[in-house]
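Taken straight from Swiss-Prot:
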- Gly31, Ile32, Ser33, Gly34, Gly35, Ile36, Asp37, Ser38, Thr142, Lys171, Ser193: ATP binding site (BINDING)
- Asp37, Glu147: Mg(2+) binding site (BINDING)
- Arg122, Lys155, Asp162, His239, Lys240: deamido-NAD(+) binding site (BINDING)
Amino acid sequence: MTQNIQKNIDQVVEWLREQVRNAGAKGLTVGISGGIDSAVVACLIKKAFPENSLGVILPIKSSTKDVEHGILTAEACGIEYIEIDLGEEHNTVANKVVHQLNNKNLFNTGMERAMDSNLRARLRMSTLYAVANNLNYLVVGTDNAAEIYTGYFTKYGDGGVDILPIASLKKYEVYEWAKVLGVPKEVLEKEPSAGLWEGQTDEGEMGTSYKYIDEFLEGKAIPEKDLTVIERLHRNSAHKRTMPPSPKIG
């Protein structure tokens, strides 16, 4: 199995080089969150462009562990990295939005967490593109097949990228690749989380498990409760996977 995974890794590495050539770019950059998906992508882009790849760690009131795991990942992959703390910028934008909406008695407290977490993802996206534009690099996404199918990403946030090298990998395959690529044990063993708030986990937020999503994507039978959740997530996130609608005029 390891041999097959290595063959697939080599194929994706060559694909990454081809994408950069076709775009007339010079290299690749990725946001390193301290999680498994970004760790795999960081290792892949380092293999594709040893001298022209950059990891960017973008904490926004993030846990110390996430930052530590991001650094561990970069060091394990051997990829050059920078850290840009966006906590102050996030506070500035969030506070201004809340203040102005409150002035008009429009602020919806029930949507504050969604607003806050999506703002974090979009600030990171904007910053990644600022870095990429300066270096003439492409921004590489980290979403896997389970996340894309369920829409577990922020529109124009972590979903705002140039290329998606692991979009066809189910979550368990991401772990298999991570082991072959030498991703640190600390990252392999941590519970998947977007780090959006204290105690937040991917599976807790989605309402189902990656195991069941992977099995669903492979056409296997899963519990009815989880099937209902997955189908609802897919249906409600259709707008994230398509161009914005526009009317036909005339």
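Placed from the backbone N, Cα and C atoms, the Cβ positions cover glycine too.
Distance between Cα atoms for Arg122 (deamido-NAD(+) binding site) and Gly31 (ATP binding site): 12 Å, as a whole number.
Spatially, by CA atoms, the binding-site residues Ser33, Gly35, Asp37, Glu147, Ser193 include one closest to His239 (deamido-NAD(+) binding site), and that is Glu147.
The secondary structure of Gly31 (ATP binding site), as reduced to three states from DSSP, is extended strand.
Rounded to a whole value, the Cα-Cα separation of Asp162 (deamido-NAD(+) binding site) and Glu147 (Mg(2+) binding site) is 17 Å. Fewest other C-beta atoms within 10 Å: among the binding-site residues Gly31, Gly35, that description fits Gly35. Cβ crowding, taken as the number of other Cβ atoms within 10 Å, peaks at Arg122 among the binding-site residues Arg122, His239, Lys240. Among the residues Arg122, Lys155, Asp162, His239, Lys240 said to bind deamido-NAD(+), no two Cα atoms are farther apart than 18 Å. For the binding-site residues shown (Ser33, Thr142, Ser193), fewest C-beta neighbours within 10 angstroms: Ser193.
Cβ crowding, taken as the number of other Cβ atoms within 10 Å, peaks at Glu147 among the binding-site residues Asp37, Glu147, Asp162.
Of the recorded residues, Asp37 (ATP binding site) and Lys240 (deamido-NAD(+) binding site) place their C-alpha atoms 19 Å from one another. Cβ environment of Lys155 (deamido-NAD(+) binding site): His239, Lys240 lie under 8 Å away, each six or more residues apart in the same chain. Those residues noted as binding ATP (Gly31, Ile32, Ser33, Gly34, Gly35, Ile36, Asp37, Ser38, Thr142, Lys171, Ser193) have their most widely separated CA atoms at a distance of 19 Å.
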